[in-house]
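Novice: Below is one structure. I have some questions about it.
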Amino acid sequence: MQKDSDAKTVPAGAAALAKGLTLLDLVADADKPQRFAELLSASGLSKPTFARILRTLIAFGLVRNDEEKGTYSLGPRFLELSHRVWDTFDLNAVAGAELERLSSELGETVALCKLDNNEVLYMAESSGTGLSVHVRAGDRVPLHCTAAGKALLAFQDPSLTRAFIDQSPLEAFTKTTLTTQKELEGDLALTKARGYAVSYEEHLEGVNGVSVVVSSPDGTPLGALSILAPASRLGEERIHPAGRDLIAAARRITGAAGAVAISSRPQPRQQSSKSAPMDLECVLPWGAQLGEAPIWHSTDNLLYWVDILRPAVYRFNAETGVNEACVLTKLVSSVLPTTEKELIVTTQDGVEVLDFDSGSLRPFCDPEEGLHENRLNDAKIGPGGAIWVGSMRMDAAKPTGGLYRVDSTGTWARQESGLTVSNGLAWSPDNRTFYFVDTIPGLIYAYDCVPGSGQISNRRTFAQIPSEDGRADGITVDAEGGVWVALWDGWKVRRYAPDGSIDYDIDVPVPRPTSLCFGGTDNATMYITSARTRLPAATLSEAPLSGGIFAVDAGVKGLPSNQFKLED
């Protein structure tokens, strides 16, 4: 400890204070609550001095002593002080350098905004060189049709957002303005899922925008950063990378005042030690933002999949290379085959029935009606013919997700709760084991399963995936009982033997494989979806096929997908 305090200029007579502050740093920097002996050793102080300072910090609420566990952590007084910091935080002053840097790099107008009396108020701006979109500090624009407004709405307290939607007339400014509650709710859900809002000529013809909120460490929106540009320069190809750049800038702004930025960078690319040489091919270089939920439709002989953030459902003909799109107006997370022409999809409004050719949707059931902070995620048809679908909080910040079983009448039953990001689902070849992913803790669970009824019990850990290997996403099971998982940010898919041991990996040329399924003739081909959302520019340069679909002969065959029978 003496060495650390010597590195700082300590005024005369303040040595005791310096020791106390340094001890606070030790408590704050520890990755878990520390014991007395651990802190004493790290401090370099004599035991009497250390004990005296520690007691004083506890008395003032700056350190908390868990007497039952014998550990020490930061006390409640820090929470109070942090709120006072953000109450007096000068966002304008801190954000100025970022506005200028972004505007210079992008050559476009970058603005700082805030929510004020149900409008967006421009606080500051930095204009790009040449012809650009100009705004002025003090200008006001609507919430519902601007990227900044939608970003601020999406990340507000849900009750405030609901009040605005219910009470505000959604005036049309252009032909693309969202003028219905359903359209706006759908757009806000997409905004929360991807982390930034976009506006395609919704307020001004010929002007596109992208925006991200600047939040305090507790998630409270302080304002929004926006890029505005001519639509010809800020089209779909450029608007999503710009959103990624804004997210990084927003983190730097709050980081300047002490917030901790969370990296969204993938693991460095390296060949797995368990890698098996495979002839993998990109059969569809599509560039999806968040390609997911591939499923082989054995009747149609087509691969169905979704781009959650487009949002769209696709059907891909592997023979011809044709990929048809059914673009939706709301977030869609999975697609499932039925015994009829229609499909089952999971959306922000629950489980719905989709006519692909017309794009029409009709409600089927909503296991999480009223849980506006949640959305459904991955889904599969189980061996008994029921839909199994998991859910997650939009921002994955809390374990509010569940797992549901839905029968052919739309009746549902909750099977699990307390999940962070419920993800891949699959069954063993004999249907007696059910596998299920919770992504954030890196777990693949196994359950005993009763064939036919689908009743599950005896949850246990099948595999724990280290963070350095990536995050578990979608899964499938092959005909030999091997469990396959796509490893987000891991540059690979992995096969586990039925006993839970790692069998081998297949390296893929993209960092974010998302899910996988078997299909084609005799289910001998594995199809792998991927994502490009939020990837840094350097990574996209290294992995230009991100967002594409890959195919590989994995050396084993898969199981046929089940189909859902809709009741008349």
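From the backbone N, Cα and C atoms, a Cβ is placed for every residue, glycine too.
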Novice: According to TrEMBL, Glu292, Asn423 bind divalent metal cation; identify which of Asp245, Asp395, Asp469, Asp473 is listed for that same site.
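Specialist: Answer per TrEMBL: Asp473.
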Novice: Compute the C-alpha separation of Asp473 (divalent metal cation binding site) from Asn377 (substrate binding site), stating it in Å without decimals.
Specialist: 11
Novice: How would DSSP class Asn423 (divalent metal cation binding site) in three states?
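Specialist: For Asn423 (divalent metal cation binding site) - judged by DSSP and reduced to three states - the answer is strand.
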Novice: How many whole Å apart are the CA atoms of Asp395 (substrate binding site) and Asn423 (divalent metal cation binding site)?
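Specialist: Roughly 14 Å, rounded to the nearest whole number.
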Novice: May I have the list of same-chain residues other than Arg375, Asn377, Asp395 whose Cβ is within 8 Å of the Cβ centroid of the recorded substrate site, in sequence order?
Specialist: Lys192, Ala193, Ser333, Asn374, Leu376, Ser391, Met392, Arg393, Met394, Ala396, Gly401, Val421
Novice: I'd like the number of other C-beta atoms within 10 A of the C-beta of Glu292 (divalent metal cation binding site), please.
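Specialist: That number is 25.
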Novice: At 10 angstroms around each C-beta, which of the binding-site residues Asn377, Asp395, Asn423 has the fewest other C-beta atoms nearby?
Specialist: Asp395
